[in-house]
């Protein structure tokens, strides 16, 4: 863990390791993934079945076995305690209610009497949701991907989730059912992404793929981008806490560890205007680390990518935060709304001392799929916007074309595009 | 040119060549571009200068010469006839007025008294606009990329435009000035994209890169995606006209050719419920082709990727259009608004007989940067949305955390994330 003053002369140098912790995809991984995509495109289900049996240690005889049946889903739902189902249902409802507010309407401007202009908003037809398998198979990931798609009006939601050793978390299947997923396939990795992007006999081709995954999944998503839409390129995740010396150091320490326990590459940073507070948080982190069952992961993350930074002012802390563009930003200060206008780049902003990051991870309502690794400079949280597309609407009347036609012909001429000009001038001639 | 009935049994087979005309980026191009990006990252301005001098046949002595000066821009503006400046100014104003309507506000929901939830909308800080050089250097491209950025509130707009043989279209520089571009560099190709994505001593690093370009530019944009945002992956462009036998065949022919004159890979398709009308359009295309100075390009496009298709009904035509997901869709029918609800996938929709595609290319208001090659299934026109990003706002009061905290702890437990649970339970204990 680094304990630094932001105004030390070598701050940037010492901090650089944290900023660049996201490994770039190696050419080797890219080549492997490219090969898998090629196989799926050329051999479809045969390749998908072979990769799935091999990587997930399954013994499926044919492609029909790739789909998880309604009976299997019902059995999983029955296996989840009723009180856990109620918690997941609450999450689905609250996430749906928040995302409803993101819906945009088709609009048409009538401010010119002779030209109507507008924008049509249309749900995507079919989307694919990637849900990791094994230990990191979380019901909340299902909810955060499927609910916005459902709210957007997507006609069919296809979920893929690998089942290594034929195991799957029943809560994941229950969440899929509660969130409105239409079909589920027991496939994962680059082969699942390729199957969704290009379609196979058993897996329908989708318009967009969302959801987290390992480096093979992320690389596959990047390679199929353009063939289908994707949500974002995910990197290692992080939390940044801005503090003004108010609040409880034990709470802040717990928040930092809630990020660190995810992943050894996760980064947890406190920037405070109060050195003494920072020291107390550092001590609390050490104390709480020992209590965690995921201690080794959290400790590796904290040791290597944790930091406590002392800033001269909250404005300085906000400027630092904007440079980091953190996935999760806690404004653990007395007046968080006063600080909000200074925040340019962040995935989600957690306001004040009663809003730990975990409050946003499951059921506050906003999405937990957030831009990581500094990409909050330009990416947004997953939202209903990801599951619709827009079409411009342009409607000229005869009068409208007469009013603007000469200028259109003029610019077409300026660009040397005669046929463009003629398509307008022919109509203007007829209109005379 | 294909003349087909949509219900012929071999329709799909015969039509397939048009659908798959977009060549995939070859591994060779990818390797070249990867090498250029690597050079720019490791050698910055030195590499940029060397590539620029080599590819654009310039003799710049140092990196300072990469920027186009204010004096050069003023000279270009002075060289453009006043009436052309007026036409470009009209385009800037109308495009700005349309894009103003796309602006979204930061919102905060107060429907729960103990939990505030919202979404902050923040302009990107700095963006890069790629404008092709040479013959396809169009002032309208500058306007369509820069104006939405400006309307969004982007703080700094950097334009790059190669100047092969040291030539640049003065109208392009004038458009940049009118549209509010802040700085312009005479660089292009993959090296320009890499410089914008990673920054060099002279070119500032941006948050997002938009704008059209050749296969090297498109490949570079795909490879830097994630490091920066990009607008979309552009492929060959197309127009689809849906017709019901009404209107003037000469007009429709002109519209088809306005797409064909762009590029030999462009595709122009008419689908009509009236075979006789289709035959007249085909004859008109032949007649008008001979009148074009860009005849050879337009003829190559029409011969190879042009089509006239006879459909049984407008509903059938709309379903076909949704499969194609055309960049430009003309509803050249008597009742275009009646047909609009059937249209799911299209970049821009041109309504009725007085709205040729060219009406939308310059100054109607909507953007002419549109999803191509079937990607309107999931991509949207370039818009203000491309130049902002969002951050979720989550603000729990003590009462709010007490109300939902147990459920948060429960789901964290379900996912095996102890530190997540503790960050909430520690606060609940204190609150008792």
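Cβ coordinates are placed from backbone N, Cα and C, and glycine is handled just like the others.
Curation plays no part in TrEMBL annotations; they are all automatic predictions.
Counting every protein chain shown, the Cβ of residue A:327 (active site, proton acceptor) has 30 other Cβ atoms within 10 Å. The secondary structure of residue A:327 (active site, proton acceptor), as reduced to three states from DSSP, is coil rather than helix or strand. The annotation active site, proton acceptor is assigned in TrEMBL to A:327 (among others).
TrEMBL lists A:328 (among others) with the feature active site, proton acceptor.
Summarising the annotation, TrEMBL assigns NAD(+) binding site to A:130, A:191, A:214. All protein chains shown were included, and the count of other CB atoms within 10 Å of the CB of residue A:191 (NAD(+) binding site) stands at 30.
Other Cβ atoms within 10 Å of the Cβ of residue A:420 (substrate binding site), summed over all protein chains shown, number 28. Taken from TrEMBL, the feature substrate binding site covers A:237, A:259, A:262, A:328, A:361, A:415, A:420.
Sequence-distant neighbours of residue A:262 (substrate binding site) (same chain, six or more apart, CB under 8 Å from its CB) are A:237, A:297, A:301, listed in sequence order. DSSP assigns residue A:262 (substrate binding site) to coil in the three-state reduction, placing it in neither a helix nor a strand. Per TrEMBL, the feature Zn(2+) binding site maps to A:259, A:262, A:361, A:420.
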Listed binding-site residues (A:191, A:214, A:361, A:420) that sit near chain B [CB under 8 A]: A:361, A:420
Cα-Cα distance linking residue A:328 (active site, proton acceptor) and residue A:130 (NAD(+) binding site), given in Å to the nearest integer: 22
Residue among recorded positions A:214, A:259, A:328, A:415 with least C-beta crowding, 10 angstrom cut-off: A:214
NAD(+) site, defined by A:130, A:191, A:214: further same-chain residues with Cβ within 8 Å of the Cβ centre: A:132, A:160, A:162, A:188, A:189, A:190, A:192, A:193, A:213, A:216, A:217, A:220
Closest of A:214, A:327, A:328 to residue A:415 (substrate binding site), Cα positions, recorded positions only: A:327
Neighbour tally for residue A:130 (NAD(+) binding site), based on other Cβ positions within 10 Å of its Cβ: 27
Distance, residue A:259 (substrate binding site) to residue A:214 (NAD(+) binding site) (CA atoms, angstrom): 17
Distance from residue A:327 (active site, proton acceptor) back to residue A:191 (NAD(+) binding site), taken between C-alpha atoms, in Å: 28
